[in-house]
Structure formats: structure tokens, C-alpha cells
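Structure, as C-alpha cells:
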């Protein structure tokens, strides 16, 4: 989607704030002893309260309001009876729509705040990687420059990128053009960002893996030997610094 007027921008900012707040709420409520299904119910109730509709449910009939992936699960984890433990690596990915506009954000974090050197490093690094990747996304710049930045920063930290997961266009649907924004430099990708374009920038890092597999449930993507982390924002492209649309407007920290 390319934003063409103030009305569209306000609509994207509105749904962007809702999914951002929902993610922050999930982070604040996630704790040892809770099941992922219970956490999903909290997120779903927040979306319902604000009139937003879960995009995974409405677009793909996903069995949960949000995707919750734990430990070696990288993405699209199904909320269920799994009980969260202190030190677990968890990713919550929240996407929803309101009045015909979609926004998407996600983040990996550790239950209880500390999960050991590897998990801590991954979570710390992904935050900086996303910030730097977003700064590359400007009108006229090759989309591949986002992946170049992610890949370079990963290598500097002795980490790897997941090559079959990445960002995407967003706005009037959850996934639209540009369809895949890689976490590595694809020299064959000559597409360029356009002013007003809405995209979800979504790097994935790992402590050794570069590919995820689909589990037998038909949804969950995972690695056998390695961890993976993700952090994601929906942004609008400008000629200068991009506008981050998934900015939280509420504080849920106790």
C-alpha cells in the first residue's frame, strides 16, 4: 500500500498503535506458569476491546489471535497448553486490521528477563539490527539494502540470518507487494522503496541456523539445533527517516 493522504495515514497509525499496545501488553503479562493459550486470550481480548480483528485468524484461519513461538520455535507458533518457564525465549507476533487497514509487529524476549548468554545476546542484537535496518528504508533506495544491513550486523555479532523468513508490504492486506524483504543481501533484487509505501521490516537472527522448517502442525516454523529471534515494525517510507506506525501509546509495566 502507498499512503496518499492524511486520512490513510491516520488509519494506519490507529491500527499500528493498537497492535503495538497489544504486543506491549503481552510482554508485560507473560510470566512463568502461564500457558501460551492464556497469553493469547489476553492479546485477543485487547484486540476485541479496540474493535480490531486478528489478521492471522481472518486471513489464514490461524488457530490463535496472535502467533506465540517458544524456544526453538522461530515463528507462527500456535497458542496452546505449553506452560511458560523462566528463561524461555518467546516471540509474540501481533497483526490485526481495523476499518480495512492492517498493521503488524512482533518481538522476541525472555520470560523473566534472563535466559543465558546466547538468548540474551540474540534479543539485544535484534533490537539494534531492526533499528538500523529501518533507517535504510527510504524512498528510492533498493529494498535489498535492508537485507545487506541486517546481514552485515549479524556477521559482526557472529550470528546468522534466517533466509526463508523476512518482511513484506502491508496496508490493505496483511501481505502485499513488496512480497518478501530478505534478511540478507539479494543482489538480484532491484526493487526500490517508494514514498508513502507501507512495509513491515522483520529481520530474523539465529545463533547458527539459516533456515526454518515447518512442523507437523502445519503452522509452526522451527529449528532443531538453534534459537531464532525476530523484531518487527510496520513503517511508512519517506524521502528521509521512515515513520514507524507501530508505536505504542500505552504503558502496561507494573
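Heads up, the Cβ atoms here are built off N, Cα and C, so glycines get one too.
What TrEMBL says about this protein:
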- 76, 175: substrate binding site (BINDING)
- 93, 104, 232: divalent metal cation 1 binding site (BINDING)
- 104, 168, 202, 232: divalent metal cation 2 binding site (BINDING)
- 11-239: domain 'Peptidase M24' (DOMAIN)
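Checking each of the binding-site residues 76, 168, 202 against residue 93 (divalent metal cation 1 binding site) by C-alpha distance, the shortest gap belongs to 76. Between the binding-site residues 76, 168, 175, 76 has the most other Cβ atoms inside 10 Å of its own Cβ, all protein chains included.
Proximity of residue 232 (divalent metal cation 1 binding site) to non-local residues of its own chain (separation of 6 or more, Cβ distance below 8 Å) is seen for 93, 104, 105, 106, 107, 130, 167, 200, 201, 202, 246, given in sequence order.
Averaged across the domain 'Peptidase M24' (11-239), pLDDT in this predicted model comes to 98. Taking the binding-site residues 93, 104, 202 in turn and counting surrounding C-beta atoms within 10 angstroms, the largest count is reached at 104. Taking CA atoms as the reference points, residue 76 (substrate binding site) and residue 168 (divalent metal cation 2 binding site) are 15 Å apart.
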